[in-house]
């Protein structure tokens, strides 16, 4: 017969040097542990069978008259083989179920990876859309700034146009005033020329009058001279000549004085008129030139204003287009964001469902590991009792498996004393956590002794916690509620610890807050902590359930009772499918349905040459005394061998009854 180490060396002949993942290593180690345990169980069963055969031979050699005893032994053997066949069937079904669960687990992991990839892609699309929205908003701000600048320039140009128009009106008034002054000066010039002509005519008239008077005077003098003596004629002529000469001289002086005065007045007025005309003409030319320049500037400003108005209209049209595009982008972004949020909610729900399923599978695996370790301890106890020496490799596998199981859970063992004074009772405490978060802030940690509750902001943005509530409840007890201050804000990536006043912590917000009105958050076996926002909606929750399992052991752990349940269907025991129990110490088969011992000669022998066996192990606990405890654990776990199974014929009826 091949030893377990030889079979393991035959199975482990795979390619060396290929790196294996931790999951694959764990699966291989679990497979080796199961194979090792099955090999040891096979050795143990072979040893039991050999001992039974030796006992039968000894009994036959001692006395031939103990046929009843031999029939009982053969009946026990037949019942054992039948139950072993049923156990193999059960092992096959459980192995298939385990393979199916492993396939479903791998499928769920693949779906989880795919959902994570899709979520990352959707988040990248969302970030791109947000970046594009920011760019469009920046472009809109720049366009608005350019529009405000153009409007300011337009207002400045309009002010300049108004100023230029006022200057043009002022210059036109000055031009009209200059024209009026020119007309007045021309009128004064004409008046002066008329006066000059009048003075010339008066002078000519005075000359004519003086000449007439002179002739009249000469005629009178001539007439008088005729009348005067001849003696005095010369005297009178000389006097007349002198008088005429004086009169002529006076008239000439007066005429010369009038002429000089008239010439001076006319020259001065003419010079003033010329200077005024020159000034008016120069002012009119300057005003006309300035008016032309003003007209040119007004035309250029009007053209520039029309161009600016066209640019403004184009900018306004472009701004309307940008606003419409921005509104469309915002609407698309809102729709995309809503779709992303809906998909994220669906993915969260699916992830939560997958995590729940994975948690169930993990609980099943932990329970399997625990029962494998229990099975190993029971088998080691029986090997020691039967003085079967296990291989060194199996001892190493048992130690490594025990280390893995001890590190897998968070259970604590404690000694308990019951009311009747029983000692040696061993308890195990297990904790189950359930957390859920639908926002940025989640419940990170709760203290079992009621000292604190810790919240953490796992996002990249600050979260305002004003008027938010933290509600703590133990089972059906009244809840304890803490309310945040109105202006409290939890920074991105930071945590806040809310201490009870009895914990002795220091109040240093925003990282540590002391609840002065409450000395403790409360403790118990079912603690539920929830975070509620200002709208009364629950955004985060963490539930912690503590379960204490009491195990009654003897002072020596190697004295545990072992029951091997062989699953089979009874057609004669009220149609029940409960297992029969095989007590390794008493070697008596008990029917799990009716509780009667098996008939040693009531079944045929089955094949016992299989290379591996498959059984279902359940562990019974007792507090004192020997024998099997009545309260066996309800769990049964299957261990399978690597060799080919040989099926025994199924019993048609209850072999015990």
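The count begins at 1 with the first shown residue.
Here the Cβ of each residue, glycine as well, is placed from N, Cα and C on the backbone.
Per Swiss-Prot, the features are:
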| type | residues | note |
| --- | --- | --- |
| REGION | 1-24 | region 'Disordered' |
| REGION | 2-32 | region 'Head' |
| MOD_RES | 21 | phosphoserine |
| DOMAIN | 30-386 | domain 'IF rod' |
| REGION | 33-69 | region 'Coil 1A' |
| REGION | 70-79 | region 'Linker 1' |
| REGION | 80-217 | region 'Coil 1B' |
| REGION | 218-241 | region 'Linker 2' |
| REGION | 242-382 | region 'Coil 2' |
| REGION | 383-657 | region 'Tail' |
| REGION | 383-442 | region 'Disordered' |
| MOD_RES | 391 | phosphoserine |
| COMPBIAS | 395-404 | compositional bias 'Polar residues' |
| COMPBIAS | 415-428 | compositional bias 'Basic and acidic residues' |
| DOMAIN | 429-546 | domain 'LTD' |
| REGION | 554-576 | region 'Disordered' |
| REGION | 601-621 | region 'Disordered' |
| COMPBIAS | 602-621 | compositional bias 'Low complexity' |
| LIPID | 654 | S-farnesyl cysteine |
| MOD_RES | 654 | cysteine methyl ester |
The region 'Coil 1A' (33-69), counted residue by residue under DSSP: helix, strand, coil: 33 helix, 0 strand, 4 coil
Structural state census, the domain 'LTD' (429-546) (DSSP three-state): 3 helix, 62 strand, 53 coil
Other CB atoms within 10 A, centred on residue 21 (phosphoserine): 8
Residue counts (helix, strand, coil, in that order) that DSSP gives for the region 'Coil 1B' (80-217): 138 helix, 0 strand, 0 coil
